[in-house]
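**Student:** Mind having a look at this structure? Questions to follow.
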Amino acid sequence: MVSIIRAMRTAIAKYNGMYKDVDLVDFSADLLKTITSDIKVDEVILGNVLANNLGQNIARQIAIKGNLENEVPAFLVNMVCGSGMKAIELGYSSIVSGNNEVVLVGGMEKMTGSENMLKDGLTDAFSNTHMGITAENIVDVYGFSREALDDFAFNSQKKAQNAIENGHFKAEIYNEMIDEYPRFNLEREKLSKLKTVFKEDGKVTAANSSGINDGAAMLILADSNYAKENNMEILASIKGFATVGNDPNFMGLAPIYSTKKLLKKFNLTIEDIDLFEVNEAFSAVSLAFNKELNIPEDKINVNGGAIALGHPIGASGARIVVTLVHELIRRNLKRGIATLCVGGGQGISILIER
(Lines of atoms letter the chains of each structure in order from A and count residues from 1; the text may use other names and numbers.)
(Lines give C-alpha, C1' and ligand atoms only; values in the text may rest on other atoms or scores of the structure.)
Protein backbone atom coordinates (compact mmCIF):
# COMPACT_ATOMS: atom_id res chain seq x y z
CA MET A 1 0.00 0.00 0.00
CA VAL A 2 1.21 3.49 -0.85
CA SER A 3 0.49 6.55 1.29
CA ILE A 4 0.55 10.26 0.55
CA ILE A 5 2.51 11.91 3.35
CA ARG A 6 2.92 15.41 1.90
CA ALA A 7 0.90 17.36 -0.68
CA MET A 8 1.77 20.97 -1.52
CA ARG A 9 1.66 23.38 -4.42
CA THR A 10 2.59 26.88 -5.41
CA ALA A 11 -0.03 29.50 -5.97
CA ILE A 12 -0.98 29.48 -9.65
CA ALA A 13 0.19 32.50 -11.61
CA LYS A 14 -1.57 34.10 -14.54
CA TYR A 15 0.27 34.45 -17.86
CA ASN A 16 2.93 37.15 -17.45
CA GLY A 17 2.02 37.23 -13.78
CA MET A 18 3.96 36.77 -10.56
CA TYR A 19 6.38 34.20 -12.03
CA LYS A 20 7.10 36.19 -15.18
CA ASP A 21 10.68 36.92 -14.09
CA VAL A 22 11.18 33.74 -12.05
CA ASP A 23 12.78 30.70 -13.64
CA LEU A 24 10.68 27.51 -13.68
CA VAL A 25 13.49 25.60 -12.01
CA ASP A 26 13.74 28.24 -9.28
CA PHE A 27 10.10 28.37 -8.18
CA SER A 28 9.80 24.58 -8.47
CA ALA A 29 13.00 24.02 -6.47
CA ASP A 30 11.70 26.34 -3.76
CA LEU A 31 8.58 24.18 -3.42
CA LEU A 32 10.67 21.00 -3.42
CA LYS A 33 12.96 22.42 -0.74
CA THR A 34 9.96 23.08 1.50
CA ILE A 35 8.18 19.78 0.99
CA THR A 36 11.35 17.74 1.58
CA SER A 37 12.67 19.87 4.45
CA ASP A 38 12.55 17.01 6.96
CA ILE A 39 12.06 13.94 4.75
CA LYS A 40 14.60 12.03 2.68
CA VAL A 41 13.38 10.71 -0.66
CA ASP A 42 14.74 7.89 -2.81
CA GLU A 43 13.81 9.36 -6.19
CA VAL A 44 12.21 12.38 -7.88
CA ILE A 45 9.67 11.98 -10.70
CA LEU A 46 8.20 15.18 -12.16
CA GLY A 47 5.88 15.95 -15.05
CA ASN A 48 6.40 18.77 -17.53
CA VAL A 49 5.42 19.56 -21.11
CA LEU A 50 7.30 22.66 -22.26
CA ALA A 51 10.84 21.71 -21.30
CA ASN A 52 12.55 22.68 -24.58
CA ASN A 53 15.60 24.93 -24.19
CA LEU A 54 15.55 24.66 -20.40
CA GLY A 55 18.63 22.45 -20.26
CA GLN A 56 19.09 18.78 -19.54
CA ASN A 57 16.47 17.00 -17.44
CA ILE A 58 14.83 19.80 -15.47
CA ALA A 59 13.61 17.31 -12.85
CA ARG A 60 17.25 16.72 -11.97
CA GLN A 61 17.94 20.46 -12.01
CA ILE A 62 15.05 21.06 -9.60
CA ALA A 63 16.19 18.25 -7.31
CA ILE A 64 19.75 19.56 -7.06
CA LYS A 65 18.68 23.19 -6.75
CA GLY A 66 16.17 22.09 -4.10
CA ASN A 67 19.08 20.84 -1.97
CA LEU A 68 18.57 17.11 -2.48
CA GLU A 69 21.71 15.00 -2.32
CA ASN A 70 23.52 14.15 -5.54
CA GLU A 71 22.72 10.50 -4.90
CA VAL A 72 18.95 11.04 -5.39
CA PRO A 73 18.02 10.33 -9.04
CA ALA A 74 15.38 12.32 -10.92
CA PHE A 75 13.61 12.09 -14.25
CA LEU A 76 10.99 13.90 -16.31
CA VAL A 77 7.60 12.67 -17.58
CA ASN A 78 5.61 14.11 -20.51
CA MET A 79 2.00 12.98 -20.91
CA VAL A 80 0.85 16.48 -21.85
CA CYS A 81 -1.89 17.55 -19.38
CA GLY A 82 -1.63 14.19 -17.61
CA SER A 83 2.08 14.58 -16.88
CA GLY A 84 1.77 15.42 -13.19
CA MET A 85 -0.63 12.56 -12.51
CA LYS A 86 1.41 10.08 -14.55
CA ALA A 87 4.42 11.06 -12.41
CA ILE A 88 2.35 10.14 -9.33
CA GLU A 89 1.47 6.80 -10.92
CA LEU A 90 5.11 6.04 -11.73
CA GLY A 91 6.14 6.91 -8.18
CA TYR A 92 3.36 4.69 -6.85
CA SER A 93 4.50 1.81 -9.07
CA SER A 94 8.13 2.19 -7.99
CA ILE A 95 7.06 1.78 -4.36
CA VAL A 96 4.71 -1.15 -5.06
CA SER A 97 7.52 -2.91 -6.95
CA GLY A 98 9.87 -2.47 -3.99
CA ASN A 99 12.34 -0.28 -5.87
CA ASN A 100 11.71 2.73 -3.60
CA GLU A 101 10.29 3.47 -0.17
CA VAL A 102 9.81 7.25 -0.42
CA VAL A 103 9.37 9.18 -3.69
CA LEU A 104 8.76 12.83 -4.52
CA VAL A 105 6.33 13.20 -7.43
CA GLY A 106 4.46 16.03 -9.11
CA GLY A 107 4.59 18.44 -12.00
CA MET A 108 5.42 21.99 -12.95
CA GLU A 109 4.97 24.35 -15.88
CA LYS A 110 5.87 27.87 -16.89
CA MET A 111 3.76 28.72 -19.92
CA THR A 112 4.78 32.37 -19.76
CA GLY A 113 7.49 32.99 -22.34
CA SER A 114 7.46 29.46 -23.76
CA GLU A 115 8.29 29.61 -27.45
CA ASN A 116 6.92 26.11 -28.13
CA MET A 117 3.73 26.40 -26.06
CA LEU A 118 1.29 26.50 -28.97
CA LYS A 119 2.81 23.61 -30.94
CA ASP A 120 3.86 21.30 -28.11
CA GLY A 121 1.21 22.13 -25.54
CA LEU A 122 -1.98 23.36 -27.18
CA THR A 123 -2.14 21.91 -30.71
CA ASP A 124 -3.46 18.45 -31.58
CA ALA A 125 -0.67 16.67 -33.47
CA PHE A 126 -3.09 14.65 -35.61
CA SER A 127 -5.53 17.28 -36.88
CA ASN A 128 -3.11 20.21 -36.44
CA THR A 129 -5.87 22.16 -34.71
CA HIS A 130 -6.00 23.93 -31.35
CA MET A 131 -7.30 22.05 -28.33
CA GLY A 132 -10.24 24.44 -28.40
CA ILE A 133 -11.51 22.76 -31.55
CA THR A 134 -11.75 19.46 -29.67
CA ALA A 135 -13.96 21.29 -27.17
CA GLU A 136 -16.11 22.62 -30.01
CA ASN A 137 -16.44 19.03 -31.25
CA ILE A 138 -17.87 18.02 -27.87
CA VAL A 139 -20.26 20.99 -27.95
CA ASP A 140 -21.52 19.79 -31.34
CA VAL A 141 -22.06 16.20 -30.14
CA TYR A 142 -23.89 17.13 -26.94
CA GLY A 143 -25.59 20.27 -28.18
CA PHE A 144 -24.44 22.37 -25.24
CA SER A 145 -25.61 25.98 -25.40
CA ARG A 146 -23.31 28.95 -25.06
CA GLU A 147 -25.31 29.88 -21.96
CA ALA A 148 -24.59 26.50 -20.35
CA LEU A 149 -20.87 26.81 -21.06
CA ASP A 150 -20.73 30.31 -19.62
CA ASP A 151 -22.85 29.38 -16.60
CA PHE A 152 -20.41 26.59 -15.76
CA ALA A 153 -17.45 28.96 -16.09
CA PHE A 154 -19.15 31.59 -13.93
CA ASN A 155 -19.86 29.03 -11.20
CA SER A 156 -16.23 27.88 -11.26
CA GLN A 157 -15.14 31.47 -10.68
CA LYS A 158 -17.61 31.91 -7.82
CA LYS A 159 -16.49 28.69 -6.13
CA ALA A 160 -12.82 29.64 -6.47
CA GLN A 161 -13.42 33.09 -5.00
CA ASN A 162 -15.30 31.57 -2.08
CA ALA A 163 -12.50 29.05 -1.49
CA ILE A 164 -9.79 31.71 -1.52
CA GLU A 165 -11.72 34.14 0.69
CA ASN A 166 -12.40 31.38 3.21
CA GLY A 167 -8.86 30.03 3.24
CA HIS A 168 -9.63 26.63 1.75
CA PHE A 169 -6.29 26.52 -0.10
CA LYS A 170 -4.09 27.65 2.80
CA ALA A 171 -3.13 24.11 3.79
CA GLU A 172 -1.98 23.19 0.28
CA ILE A 173 -0.16 26.34 -0.88
CA TYR A 174 3.31 26.17 0.63
CA ASN A 175 3.77 29.90 1.24
CA GLU A 176 1.51 32.86 1.94
CA MET A 177 0.68 33.60 -1.70
CA ILE A 178 -2.74 33.13 -3.31
CA ASP A 179 -3.79 32.10 -6.80
CA GLU A 180 -3.83 35.18 -9.01
CA TYR A 181 -5.85 33.94 -12.01
CA PRO A 182 -9.44 33.90 -10.58
CA ARG A 183 -11.65 36.83 -11.54
CA PHE A 184 -13.08 38.10 -8.28
CA ASN A 185 -16.57 39.65 -8.36
CA LEU A 186 -17.02 38.69 -12.00
CA GLU A 187 -20.24 39.89 -13.61
CA ARG A 188 -22.06 37.08 -15.42
CA GLU A 189 -23.18 39.27 -18.32
CA LYS A 190 -19.56 39.99 -19.27
CA LEU A 191 -19.10 36.35 -20.26
CA SER A 192 -21.92 36.57 -22.80
CA LYS A 193 -20.24 39.49 -24.57
CA LEU A 194 -17.00 37.65 -25.35
CA LYS A 195 -16.33 36.47 -28.88
CA THR A 196 -15.55 32.85 -29.63
CA VAL A 197 -11.88 32.18 -30.28
CA PHE A 198 -11.51 28.82 -32.03
CA LYS A 199 -14.41 28.67 -34.48
CA GLU A 200 -16.29 31.52 -36.13
CA ASP A 201 -19.73 30.11 -35.34
CA GLY A 202 -18.57 28.29 -32.21
CA LYS A 203 -19.37 28.57 -28.52
CA VAL A 204 -15.99 28.16 -26.81
CA THR A 205 -14.48 31.40 -25.50
CA ALA A 206 -11.49 32.39 -23.41
CA ALA A 207 -13.81 32.63 -20.40
CA ASN A 208 -15.20 29.09 -20.67
CA SER A 209 -11.75 27.63 -21.30
CA SER A 210 -8.95 27.03 -18.81
CA GLY A 211 -6.14 29.54 -18.47
CA ILE A 212 -2.55 29.70 -19.66
CA ASN A 213 -0.63 29.64 -16.42
CA ASP A 214 2.50 28.96 -14.37
CA GLY A 215 2.80 26.80 -11.28
CA ALA A 216 3.97 23.59 -9.61
CA ALA A 217 2.50 20.89 -7.39
CA MET A 218 4.31 18.09 -5.54
CA LEU A 219 3.53 15.15 -3.27
CA ILE A 220 5.65 12.75 -1.26
CA LEU A 221 4.61 9.11 -1.47
CA ALA A 222 5.79 6.42 0.91
CA ASP A 223 5.34 2.71 1.46
CA SER A 224 2.57 2.60 4.08
CA ASN A 225 4.45 0.28 6.43
CA TYR A 226 7.58 2.41 6.14
CA ALA A 227 5.53 5.54 6.87
CA LYS A 228 4.01 4.00 10.00
CA GLU A 229 7.34 2.64 11.24
CA ASN A 230 8.89 6.11 10.88
CA ASN A 231 5.96 7.98 12.44
CA MET A 232 5.12 9.86 9.24
CA GLU A 233 1.75 11.57 9.08
CA ILE A 234 -0.40 9.82 6.47
CA LEU A 235 -2.72 12.21 4.64
CA ALA A 236 -4.33 9.61 2.37
CA SER A 237 -3.63 6.37 0.54
CA ILE A 238 -3.54 5.71 -3.19
CA LYS A 239 -5.80 2.84 -4.24
CA GLY A 240 -5.02 2.85 -7.96
CA PHE A 241 -5.17 4.42 -11.40
CA ALA A 242 -6.85 3.96 -14.77
CA THR A 243 -5.61 5.29 -18.10
CA VAL A 244 -7.33 5.15 -21.49
CA GLY A 245 -6.90 6.32 -25.06
CA ASN A 246 -9.68 7.69 -27.27
CA ASP A 247 -10.28 9.60 -30.51
CA PRO A 248 -7.96 12.64 -30.38
CA ASN A 249 -10.72 14.79 -31.89
CA PHE A 250 -12.75 14.19 -28.73
CA MET A 251 -9.93 14.06 -26.21
CA GLY A 252 -12.10 15.87 -23.66
CA LEU A 253 -14.33 12.81 -23.29
CA ALA A 254 -11.48 10.56 -22.13
CA PRO A 255 -11.93 11.25 -18.37
CA ILE A 256 -15.40 9.71 -18.66
CA TYR A 257 -13.86 6.46 -19.87
CA SER A 258 -10.88 6.41 -17.49
CA THR A 259 -13.14 7.13 -14.52
CA LYS A 260 -15.62 4.42 -15.51
CA LYS A 261 -12.68 2.03 -15.89
CA LEU A 262 -11.38 2.99 -12.45
CA LEU A 263 -14.77 2.55 -10.78
CA LYS A 264 -15.19 -0.86 -12.41
CA LYS A 265 -11.69 -1.91 -11.35
CA PHE A 266 -12.57 -1.37 -7.69
CA ASN A 267 -16.25 -2.34 -7.95
CA LEU A 268 -17.38 1.15 -6.93
CA THR A 269 -20.22 3.44 -7.99
CA ILE A 270 -20.53 7.22 -8.14
CA GLU A 271 -22.33 7.05 -4.78
CA ASP A 272 -19.19 5.53 -3.20
CA ILE A 273 -17.07 8.58 -4.11
CA ASP A 274 -17.25 11.60 -1.81
CA LEU A 275 -15.44 14.16 -3.97
CA PHE A 276 -14.31 14.52 -7.58
CA GLU A 277 -11.63 16.83 -8.96
CA VAL A 278 -12.06 17.01 -12.73
CA ASN A 279 -9.65 19.22 -14.63
CA GLU A 280 -11.67 21.96 -16.28
CA ALA A 281 -9.82 22.16 -19.57
CA PHE A 282 -13.02 23.57 -21.05
CA SER A 283 -16.59 23.93 -19.77
CA ALA A 284 -17.62 21.47 -22.48
CA VAL A 285 -15.32 18.79 -21.03
CA SER A 286 -16.78 19.13 -17.54
CA LEU A 287 -20.39 19.32 -18.73
CA ALA A 288 -19.95 16.12 -20.75
CA PHE A 289 -18.33 14.38 -17.76
CA ASN A 290 -21.15 15.45 -15.45
CA LYS A 291 -23.82 14.46 -17.96
CA GLU A 292 -22.41 10.97 -18.56
CA LEU A 293 -21.65 10.15 -14.92
CA ASN A 294 -24.49 12.11 -13.30
CA ILE A 295 -22.39 13.48 -10.44
CA PRO A 296 -24.11 15.64 -7.79
CA GLU A 297 -22.95 19.25 -7.97
CA ASP A 298 -21.87 19.26 -4.33
CA LYS A 299 -19.34 16.49 -5.01
CA ILE A 300 -17.42 17.94 -7.94
CA ASN A 301 -14.80 20.71 -8.08
CA VAL A 302 -16.19 22.20 -4.90
CA ASN A 303 -13.50 24.91 -4.84
CA GLY A 304 -13.64 25.72 -8.53
CA GLY A 305 -11.34 24.33 -11.18
CA ALA A 306 -8.92 25.16 -13.97
CA ILE A 307 -11.27 27.65 -15.63
CA ALA A 308 -10.95 29.85 -12.56
CA LEU A 309 -7.70 28.71 -10.96
CA GLY A 310 -5.70 28.10 -14.13
CA HIS A 311 -4.13 25.17 -15.96
CA PRO A 312 -0.30 25.06 -15.95
CA ILE A 313 -0.39 21.95 -18.13
CA GLY A 314 2.48 19.91 -16.68
CA ALA A 315 1.42 20.68 -13.11
CA SER A 316 -2.35 20.25 -13.24
CA GLY A 317 -2.42 16.47 -12.86
CA ALA A 318 -0.62 16.81 -9.55
CA ARG A 319 -2.41 20.02 -8.56
CA ILE A 320 -5.86 18.45 -8.62
CA VAL A 321 -4.62 15.54 -6.47
CA VAL A 322 -3.10 17.96 -3.94
CA THR A 323 -6.39 19.87 -3.81
CA LEU A 324 -8.42 16.66 -3.51
CA VAL A 325 -6.32 15.36 -0.61
CA HIS A 326 -6.70 18.56 1.37
CA GLU A 327 -10.40 18.94 0.68
CA LEU A 328 -11.08 15.36 1.82
CA ILE A 329 -9.23 16.20 5.03
CA ARG A 330 -10.99 19.55 5.47
CA ARG A 331 -14.41 17.94 5.09
CA ASN A 332 -13.47 14.73 6.93
CA LEU A 333 -14.48 12.57 3.96
CA LYS A 334 -13.14 9.20 2.86
CA ARG A 335 -12.80 8.68 -0.87
CA GLY A 336 -12.04 10.82 -3.93
CA ILE A 337 -11.25 10.62 -7.63
CA ALA A 338 -9.18 13.10 -9.66
CA THR A 339 -9.09 12.94 -13.44
CA LEU A 340 -7.89 14.81 -16.55
CA CYS A 341 -8.27 14.76 -20.30
CA VAL A 342 -4.99 14.65 -22.19
CA GLY A 343 -4.13 16.22 -25.54
CA GLY A 344 -3.81 13.58 -28.24
CA GLY A 345 -6.78 11.61 -26.96
CA GLN A 346 -6.07 10.13 -23.54
CA GLY A 347 -7.51 10.22 -20.03
CA ILE A 348 -6.10 9.38 -16.60
CA SER A 349 -7.84 8.96 -13.23
CA ILE A 350 -6.65 8.27 -9.67
CA LEU A 351 -8.56 6.92 -6.66
CA ILE A 352 -7.46 7.98 -3.18
CA GLU A 353 -8.81 7.14 0.27
CA ARG A 354 -8.37 8.36 3.83
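Using the three backbone atoms N, Cα and C, a Cβ is placed for every residue, glycine included.
Annotations in TrEMBL come from automatic prediction, not curation.
Dumping what TrEMBL says about this protein:
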| type | residues | note |
| --- | --- | --- |
| ACT_SITE | Cys81 | active site, acyl-thioester intermediate |
| ACT_SITE | His311 | active site, proton acceptor |
| ACT_SITE | Cys341 | active site, proton acceptor |
| DOMAIN | 2-115 | domain 'Thiolase N-terminal' |
| DOMAIN | 116-223 | domain 'Thiolase N-terminal' |
| DOMAIN | 233-354 | domain 'Thiolase C-terminal' |
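Would you situate these features in the structure and describe their surroundings?
**Tutor:** Residue environment of Cys81 (active site, acyl-thioester intermediate) contains 33 other Cβ atoms, counted within 10 Å of its Cβ in all protein chains.
Classification of His311 (active site, proton acceptor) by DSSP places it in coil, neither helical nor stranded.
Sequence-distant neighbours of Cys341 (active site, proton acceptor): residues of the same chain at least 6 apart with a C-beta under 8 Å from its C-beta are Cys81, Met251, Gly252, Leu253, Ala254, Pro255, Asn279, Ala281, Val285, Gly347.
When pLDDT is averaged over the domain 'Thiolase N-terminal' (2-115), the result is 98.
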**Student:** Using a 10 Å cut-off, grab the number of neighbouring Cβ atoms around the Cβ of His311 (active site, proton acceptor), all chains included.
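**Tutor:** Cβ-Cβ neighbours of His311 (active site, proton acceptor) within 10 Å number 27.
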